[in-house]
């Protein structure tokens, strides 16, 4: 069955948009003539459908976005009134046409900015729908109502007095969800029939929703969609914020207040949630610091589980943040908002200063350590640079090994203390192979039944002993190597000793100052008064950089209140605090906190693109075109270089850049650096670059600045151009359209805000013809065509070998640079590098041509086009440039003849005899010196061995005398002492006196032998004790 035919009604010349500034729910919309022209042009694209006609922006009777019917369309869009008015022809159903003038006298449009259609085209502005409005007027109030249609047609109106409502409805430019779609679910009508905002964040956003490319009709740059109304005496235009917190149904508003939006910013620890409210007295900011997390449990529970929770404590389930008064939330008025907004850049600036102070302290420490090392090395005048470097590594490693050895010994001692006192010495003296079993047995004796713990602790104890042995051996090896390097050190002078003591004292003080400074020292703090509590902001310095915090001081708290673990508080790093500042920028409508806090204090060397390329590469919301660059070297803080250091950099880089051509590169891909970086590096969208000259220039600059005091550079070096500081892949959309060739015509040296640009020599492409003037300039080494002339133009005929090209180029540019570019161009022409005979392409030999015998060969031998041997030989033999091979061979034969049969002169004979005699005497003296040194070395070794034996004997004699060692064990411990003296000293020296053998008062060890006098004396005492009572009784 065929569908019935419906006759459609047509209205021509209906006004839709006029240029001007119109209030909307998102603030305001300023359509321009360019927007109107774009809307007209978009209709010529076959992938763009005609704007549909609908009743209102949304209708609750239909499924959001999909089920609402289109009641017609607009076609033949065109601009009138000199391009300031957009009109179209309306085609609708007859019944709507008949009632439209009375029931729906006004219209409001919907559309997309930066709309990407199904064919892949990007349209600046597309009109997608026209909503017919009844009780509320449209935002664009100057377009004529359909009540004026009789006037438009030249007849009288039947009832021209059509009252307009007191409210204003919002025109909406909606962000699409799909290439040919848009989101119609962003609005609803409240009980009074007015439009209000609903959440639009559950579905994916349209391509036009990126921060860099889409905006709403309010011109906010937001990716959201909104529609609604506001009162007639409108308050301050709402902030360009979405209600991403879905707080509209929870926040309690006072009379006259309206919700402008809600958002959150994640800190490094905690989260900040804000709700922006407009009131008759001004803007207010509800701010919550790390409120409890939302519990979405009901969505995942079945009915039985839900019923089982009916009797649970309501306090156990956290509610979504409402923005209402609680222990996590306060409210700031406009004064408080301004104070907080001003405090953020101050905190960032103080954090920057703190980081700079940390760098200065670390640099001072590094300089002091270098001076300490220089004083130490002055004791070894015979040590070369390599030896000094090795000695420094040995000292650093020795300190690390000693520290680790002490830690292992302390761990072993703690393990021993887990045992019974009577078992500790036995386990400590156990051989390494028996230590594990001995420890396990002793541990079970002290802790019966703890089999698992005994196994673990015994393993760790034995493993620790093995580590001690390895570390002791490594330390001995390091000490031995240090002795080999240093030999007999030359004593420091008293002055050097005093200076070394002062330097070491300064190092200790500097280390202490760094430790104190990084131990959460205050950089700045302050208080912002709030209605439900005061915001306390702080910036402190830590070992991981500056840390910023916001905390909520409860009402009535003392002035010296400090936040604790239970307080409402959020911590930030640089990136997170800048995001909070950007959010407040939208609230107060001022410049970015990042831009306010950004002060250029660094120094760098960079390549600068041509003005044309810079203008093409710049993106909206990104770095200005004049600031685009490719960093070749970061030089740290400009102030640290000083005037002399800056001049050294200028001289070195200028010399390296002499003769450099314009750099041709290719921007081949966008990329995102440092996304969500934890070390406070700003995320940024960049263009990756390729090109052989980029690496060459980077190497030249790095070599020129080899001795400059630069901070560590990023490795590997990745050529890139930073276009915008932003996080998220949406920042890459605009860069994808900017890939392609890029030319750099300047080398910039920047010190803080001062720059010096060094122009580069231009180069034309290989296919660009050169006129006579350009050819002369190129041949002379100036102008735009150096490489093109010598590699692709007439200059190519002037050279066949590397030597020929180098001779030409060294008269035009710096000789060192001429060698490099001659090699590069030789390789580009022939496919291999000069002197590389392995990869040289050798042409096949041609068939010989037999000439008549009577005629001489008219051809002259042609020099190999890639050989430099003949030219070098001619130069060394002193022959002319046109000398042939026979002349060179004759000269070589003459030299060989002289070399084969030399005729010494009398002077040569005498000199030879004198040299022989001198050598014999030197050898004899050297032999005597070797014998003396060997004798001295043997004597020193004997003295050292004797001293070691004396120390050893004294040590063990002392142990025996104090009862710390049994005489029978002496030989065993002396053998262990020879293997590791330090360990034995630590173990035996820690024993208490008399712990092995009781010590008598006489000083002898072991039980004392009683003598007769002693026995008699004791006997008399006993008798006296027995007889005393008897005598007393008597």
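Easy rule for this one: first residue shown is 1, then count along the chain.
Backbone N, Cα and C atoms are what each Cβ position is placed from, and that goes for glycine too.
Computed from a predicted structure; not experimentally measured.
The region 'Disordered' annotation in TrEMBL falls on one of the ranges 453-472, 473-492, 493-512, 513-532, namely 473-492. Annotated by TrEMBL as coiled coil, the relevant range among 842-876, 877-911, 912-946 is 912-946. Within the set 959-987, 988-1016, the record from TrEMBL flags 988-1016 under the feature region 'Disordered'. For the ranges 283-326, 327-370, 547-590, the feature annotated in TrEMBL as region 'Disordered' maps to 283-326. TrEMBL tags one of the stretches 72-104, 105-137, 138-170, 402-434 as region 'Disordered', and that stretch is 402-434. Secondary structure of the compositional bias 'Basic and acidic residues' (476-485) per DSSP (helix as H, G, I; strand as E, B; remaining residues coil): 10 helix, 0 strand, 0 coil. Looking just at the coiled coil (912-946), the mean pLDDT is 85. Below 8 angstroms of C-beta separation, residues 380, 383, 387, 390-391, 394-395, 397-398, 401 of the same chain, each at least six residues beyond the ends of the compositional bias 'Basic and acidic residues' (476-485), sit close to that stretch.
Assigned with DSSP, the residues of the region 'Disordered' (402-434) fall into helix, strand and coil as follows: 26 helix, 0 strand, 7 coil.
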